[in-house]
Amino acid sequence: MFSVRRAAVSFTQKRAFSASAANPYKVAVLGAAGGIGQPLSLLLKLSPKVTELALYDVRGAPGVAADISHVNTNSVVKGYTPTPENLAEALKGAEVVLIPAGVPRKPGMSRDDLFNTNASIVRDLADATAKANPKAKLCIIANPVNSTVPICAEVYKKHNVYNPATLFGVTTLDVVRASRFISELKSTDPKAEKVTVVGGHSGVTIVPLLSQSNHPDIEGEVRDKLVNRIQFGGDEVVKAKDGAGSATLSMALAGFRMAESLLRAKDGETGVVEPTFVDSPLFKEQGVEFFASNVELGPDGVKKIHGIGDINSYEKGLIDACLVDLKKNIEKGVKFVAENPPK
Ligand SMILES: NC(=O)C1=CN([C@@H]2O[C@H](COP(=O)(O)OP(=O)(O)OC[C@H]3O[C@@H](n4cnc5c(N)ncnc54)[C@H](O)[C@@H]3O)[C@@H](O)[C@H]2O)C=CC1
Ligand SMILES: O=C([O-])CC(=O)C(=O)O
């Protein structure tokens, strides 16, 4: 007989952290054996803030866990095979849950084309999280983020455990890209380039606010090209990978940054700000329930949602276009759960 208990393969290192160690945080990655999941898990293993790493996937998680567990940092790594009991065990006690589970794009596809496959994957993983650990900070990487985040909110509402402060669509990659692209243009250090990107996470819903960057002088054709590159940076990678998927390594870095920021804020660090797609008051009056903007993180998740600040007329045009698509994407996610509730 297959033993559910034994299926949770544990690679406990001999010098496990004592209960009194600082920052004793468990982090769970669902979809851990994938293109993003593997490097993301590796980065989490390197973080002194993480003491337990739970790796779950429908295939291959124990192998990835065995591999990563040999990295000589002081944390425990466990790999989980796909049973409901193992999924619940992986989730239990996690401070942060990251979901990169789902299919990536191929050339010619939009992120919305992933909806049919990924909506039910994310719905079911959100359902498991709502049952096993509803207080965890839930970070959604799986696309289309503009729809998968509302799907999670609807699932949590069905369980009466929805807390808008703990649900995050991961849009960090958009600012990682924006700062890199602007530094290429201006021959500067990308780390010094702070670019605000708001809206959502696909095409025209990605709105860089260059007027608030270090280089408000970027205008005209140069600006249009830069904005387009930031909005469609994901397509650049999809095209270059030529059918083998989308961004994985830069995304792992971006997802890790988001997770680490949540843990830093949990530790009481103040002034931790990340861009993220959250249940937001900013455009609710226009019927847009979720919106990405800079968000100050606190021990309980969202502490303060920053407004979009002063924008110019060009950026106002970008926001208007963003809101049209974003509203449809959000409504699609909400409708999906209404018509296909978790079993
Ligand atoms: N938010 C963002 O900025 C970005 C999002 N993405 C999205 O992340 C997702 C994952 O991308 P990749 O890692 O490249 O794909 P991948 O196909 O390499 O990995 C996905 C993993 O999810 C697993 N999986 C599938 N169904 C599952 C389930 N029900 N439970 C647990 N695991 C499951 C698969 O076995 C696979 O290991 C895609 O939807 C992609 O579009 C990708 C890049 C950036
Ligand atoms: O482009 C994709 O499909 C993956 C993604 O979200 C990104 O790289 O920003």
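Glycine is treated like the rest: Cβ placed from N, Cα and C.
Copied from TrEMBL, the annotated features are:
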{"type": "DOMAIN", "residues": "26-169", "note": "domain 'Lactate/malate dehydrogenase N-terminal'"}
{"type": "BINDING", "residues": "G31, A32, A33, G34, G35, I36, G37, D57, N118, I141, A142, N143, M251", "note": "NAD(+) binding site"}
{"type": "BINDING", "residues": "R105, R111, N143, R177", "note": "substrate binding site"}
{"type": "DOMAIN", "residues": "171-337", "note": "domain 'Lactate/malate dehydrogenase C-terminal'"}
{"type": "ACT_SITE", "residues": "H201", "note": "active site, proton acceptor"}
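Spanning the residues R105, R111, N143, R177 that the record associates with binding substrate, the maximal Cα-Cα distance equals 18 Å.
Look at G37 (NAD(+) binding site): DSSP puts it in a helix. Per-residue pLDDT, averaged across the domain 'Lactate/malate dehydrogenase C-terminal' (171-337), gives 98. Looking only at Cα atoms, the residue listed as 'active site, proton acceptor' sits nearest to N143 among the binding-site residues G31, G37, R105, N143, M251. Counting only the Cα atoms, the space from R177 (substrate binding site) to G35 (NAD(+) binding site) is about 19 angstrom.
A Cβ distance below 6 Å to any atom of ligand 2 is met, among the binding-site residues G31, A33, R105, N143, R177, by R105, N143. Taking Cβ-Cβ distances under 8 Å and a sequence separation of 6 or more, the neighbours of G37 (NAD(+) binding site) in its chain are V29, G31, L55, D57, V64, P100, A101. For the pair R111 (substrate binding site) and A142 (NAD(+) binding site), the C-alpha distance works out to 10 angstrom. In the three-state DSSP assignment, the secondary structure recorded for R105 (substrate binding site) is coil. Each residue contributes its Cα atom, and for M251 (NAD(+) binding site) and R105 (substrate binding site) those atoms are 14 Å apart. Residue counts for the domain 'Lactate/malate dehydrogenase N-terminal' (26-169) under DSSP, split into helix (H, G, I), strand (E, B) and coil, are 66 helix, 30 strand, 48 coil. Working note on the binding-site residues G31, G35: by count of other C-beta atoms within 10 Å of each C-beta, G31 ranks first. Ranked by Cβ neighbours within 10 A across all protein chains shown, the recorded positions R105, R111, R177, H201 are led by H201. Take the mean position of the Cβ atoms of R105, R111, N143, R177, the recorded substrate site; other residues of that chain with a Cβ within 8 Å of it are P104, P144, V145, H201, S202, G234, D235, V238, S246, A247. Fewest Cβ neighbours within 10 Å among the binding-site residues N118, N143: that distinction goes to N118.
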